[in-house]
């Protein structure tokens, strides 16, 4: 378990940078742009984020899987994913532009639409190639891919929004800088430049796409469930309600960094794990720890929500308090999915997630259509929590069947669950 703890500490530092950068960026945009401006930004970001999921084709996951199992040479995998990237970038940009321009209420400003699209090719490139680090279980390199872009986005936001007062335009330009820098860095420092070739290895491309497409569809359903409220608020309400919702939900997403911290390691080790059942038991242990941490943090956020929202974002975002409170129960339950799905994804079984998320998505959309016109952002938060509960509970059932571990055994807390944390504390005391 010692190497696992080292990975956990490494990812923890990375996630701390991500969270701090994200919070400060969120505060700056709230204070300097206001609810309506933030609603416009949230509306513009929905389709690019969804199409980066579709466009990714699950290549990061399939890369980690095939490289972890040693089925193809690393240089040939790099060449294959670079060729796939060139094709998917063009398709993603074209379809996404049409959707944003003609279906989004925030897509009237062509400049803003273009600026919102520019991160897509760079983010896809980084996403594709980061799978190489996961497959090699190089957590340190994977961490850099995760924390450098948000830190750069924060720096650019401070310059463009606060100093140059560029408002929405400045915030959109700042989002481009992070993935652009990371893509250039990976291109020249990790030999990805050598991967560009017109010689196609159809066997590798076909293998990666066949598994990758399943991952992509699974990720699309998952992310559509997360973004359905944004899309429907954009269509059925106004920029103010969307801005209010975006800030309330942003805080809950930082809670998910706790299971995401664990799930990054779970995915990498699952891809190279030889004993699937034993590993799944460790994942169940991590779930129980995460559940306590998320539950405790959520309770604290619920009690202090008024103070936190107004202190961070200002009085203009007071309505975000209800959004935060209504979302917290769903966030706690969805912890089940967040942790355990990465285990199954690492074993090449992403379709299990669809079984849980597809019904949850339907519930989310139907309820949002009913609630948004009357209750706005707060109503959408209630719908999301209900759908998250459906997804979390149903996935627990499917996961139990798939790995052959009874539900009671998965969720029953044990004294030994906390041994890893106790061991870390003891090590720090010895060093002190």
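Residue numbers in this text run from 1 along the chain shown.
Glycine too: its Cβ is placed from the backbone N, Cα and C atoms.
Look at TrEMBL and you will find 12-33, 39-59, 80-100, 112-135, 147-164, 170-188, 208-226, 254-272, 292-314, 320-340, 352-372, 378-399 tagged as transmembrane segment.
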Whether the transmembrane segment (170-188) meets the transmembrane segment (208-226): three or more C-beta pairs under 8 angstroms: no
Intrachain residues whose Cβ lies under 8 Å of the transmembrane segment (378-399), provided they are six or more past its termini: 225, 229, 232-233, 245, 248-249, 319, 322-324, 326-331, 333-337, 340-341, 343-344, 352-353, 355-357, 359-361, 363-364, 367-368, 371-372, 407, 410-411
The transmembrane segment (208-226) in contact with the transmembrane segment (39-59), cutoff 8 A, at least 3 CB pairs, sep 6+: yes
Whether the transmembrane segment (12-33) meets the transmembrane segment (147-164): three or more C-beta pairs under 8 angstroms: yes
